[in-house]
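Trainee: First, the structure itself, so that you have it in front of you.
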Amino acid sequence: MSKRYILALDQGTTSSRAILFDKKGNIISLSQKEFTQIYPHPGWIEHNPEEIWKTQIEAAKEAIQKVGLSPSDIASIGITNQRETTVLWDKNTGRSVYNAIVWQCRRTADLCDKIKAAGLSDYIRENTGLIVDAYFSATKIKWILDNIEGVRQRAEKGDILFGNIDSWLVWKLTGGKLHITDYTNASRTMLFNIKSLKWDENLLKELNIPSSILPEVRQSSEIYGNTDKELFGEEIPISGIAGDQQSALFGQLCFQEGMVKNTYGTGCFMLMNTGDKIVKSQSGLITTIAWGIDNKVEYAIEGSIFSAGAAVQWLRDELKIIHDAADSDYFASKVDDTNGVYLVPAFTGLGAPYWDMHARGIIVGLTRGVNRNHIIRATLESIAYQTKDVIDAMINDSEINLTTLRADGGAASNNFLMQFQSDILNANIEIPEVTETTALGVAYLAGLAVDFWKSKGEIVQNWGINRKFKPMMTPKMREKLYAGWKKAVERSKSWA
Ligand SMILES: Nc1ncnc2c1ncn2[C@@H]1O[C@H](COP(=O)(O)OP(=O)(O)O)[C@@H](O)[C@H]1O
Ligand SMILES: O=P(O)(O)OC[C@H](O)CO
């Protein structure tokens, strides 16, 4: 029987998902497992790598079993992942030497300040496309090497391996046979030279990171190897790897230069395809690798927003003023405005376009009549305002005339948010039929490598729009609201 499905493993910040797609790009089966968020100190965030592996493999097996399929129905596996999150493990035991330091973690902010003071910012910008920030993997790797007893010595002996979550999962899936990553993930480490497409020797030296720990960098779409037979009962090829935001760009079919998508998950990540051009942002965006496919690399500019859906989770888990993230839609719509309140969710500093590692969250404009609905509404509006900050930067850099934004991610299901977003941007928002575009993107990358899909042209036939939002706000109101946001952002800066 022919192999009818591609299995995408989507290892996100808050959950591990496994999704089976058919040739039309339809979801056949989905399994999702949440895992523990570990906050050892204010501003620090960790995950347990073993728990990530456990939830991911369980989700994969469940997705196959719940629709009565067997591994022989699967043509190949694609892996997409939360990016930058850093794992170091011992290659002899296969066990991690410390928790994964998550992309949001701010513990290396001071180290980044030292890197800036040493005058390395321009070199880093020029060669890695990135802005010096605790967000990226490099300083997280250095922190583990310098702070966990014995790890540096073991690394120097050649016993320690580094990987982002993609590498960790491939290592586990292949029973320790492959230590690889792809171009998209490598471009988020602050150690990879996006021009020469090699690990940057100068930065490795400056940061005192041994090159022996680094994975081999491969394309985002090619057959890398097979899963260990023990795992699924038979081997399945692995043929796609991409960081989740680049994967969503692919899944939203933004194949042409100038096409833009925004993913509303834990954070918000807006990427614009810039083709074979390395565009250097003048407005606080970063340059990243979009994908490596057919022996060619394409680039993107990106605006990374650290807290979007995370702020809604905070309303649910810490303030406990909503039961479920989706309730925020209902409560925000019960009031006409925020009653003058702005919430800046700089829980882990501010990313693009401000890049302030020391900013912290604030709620301003409180008066006696403010109630919980206003706070909930201000939280959702903050996601839209942050997106506007990034779009304005993108328009400034590329002179595009953005009329339509393709949106996806968990919070894109919030109709209030999408309408407010359309209003504040004065642009149309389109939500595709398959909103799991992150998983879909890497399924396409994996499927192209094994001829499950013959070409991008065949994939484009699968595209369909589910919902559309059109701007309805007056320009005067838009300007007034946004001016208030800019003022609030100023108050949140340089706090910690
Ligand atoms: N209806 C909703 N309204 C607002 N936020 C939502 C809604 N549904 C989910 N979210 C938020 O979206 C995030 C989950 O989206 P997802 O794309 O799965 O993120 P990730 O890949 O970062 O784990 C959570 O932070 C959650 O609070
Ligand atoms: O897992 P997500 O969807 O929150 O994405 C996280 C990003 O990859 C961080 O750069």
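Please read every residue number as a count from 1 along the shown chain.
Note that Cβ sites are derived from N, Cα and C of the backbone, with glycine treated the same way.
Keep in mind that what you see is a predicted model, and the values were worked out from it rather than measured.
Pasting the relevant annotations from TrEMBL:
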- 5-251: domain 'Carbohydrate kinase FGGY N-terminal' (DOMAIN)
- T13, R83, E84, Y135, D244: sn-glycerol 3-phosphate binding site (BINDING)
- T13, T14, S15, T266, G309, Q313, G410: ATP binding site (BINDING)
- T13, R17, T266, G309, G410, N414: ADP binding site (BINDING)
- R83, E84, Y135, D244, Q245: glycerol binding site (BINDING)
- 261-449: domain 'Carbohydrate kinase FGGY C-terminal' (DOMAIN)
Trainee: For the recorded ATP site, whose residues are T13, T14, S15, T266, G309, Q313, G410, find every other residue on that chain with a C-beta no more than 8 angstroms from the centre of their C-beta atoms, and list them by sequence position.
Mentor: G12, G265, A310
Trainee: Do you know which of the binding-site residues T13, T14, Y135 end up with C-beta under 6 Å from ligand 1?
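Mentor: Within range of ligand 1: T13, T14.
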Trainee: Ranking the binding-site residues T14, T266, N414 by other Cβ atoms within 10 Å, which is at the bottom?
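Mentor: Among the binding-site residues T14, T266, N414, the lowest count of other Cβ atoms within 10 Å belongs to T14.
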Trainee: In the structure shown, which of the binding-site residues R17, R83 has the fewest other Cβ atoms within 10 Å?
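Mentor: Ranked by other Cβ atoms within 10 Å, the binding-site residues R17, R83 bottom out at R17.
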Trainee: Checking the binding-site residues R83, Y135, D244, Q245, Q313: which ones have Cβ within under 6 Å of ligand 2?
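Mentor: Within range of ligand 2: R83, D244, Q245.
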Trainee: Counting only other Cβ atoms and using a 10 Å cut-off, which of the binding-site residues G309, G410 scores lowest?
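Mentor: Counting other Cβ atoms within 10 Å of each of the binding-site residues G309, G410, the minimum falls on G410.
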Trainee: Tell me which residues of the chain lie with their Cβ under 8 angstroms from that of T13 (sn-glycerol 3-phosphate binding site), as long as they are six or more apart in sequence?
Mentor: Q82, T85, V102, W103, Q104, G265, T266, G267
Trainee: For R83 (sn-glycerol 3-phosphate binding site), name the DSSP secondary structure in the helix/strand/coil scheme.
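Mentor: Reduced to three states, the DSSP call for R83 (sn-glycerol 3-phosphate binding site) is coil.
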Trainee: Taking only the binding-site residues R83, E84, Y135, N414, which one has a CA atom nearest to the CA atom of Q313 (ATP binding site)?
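Mentor: So, spelling it out, the nearest of the binding-site residues is N414.
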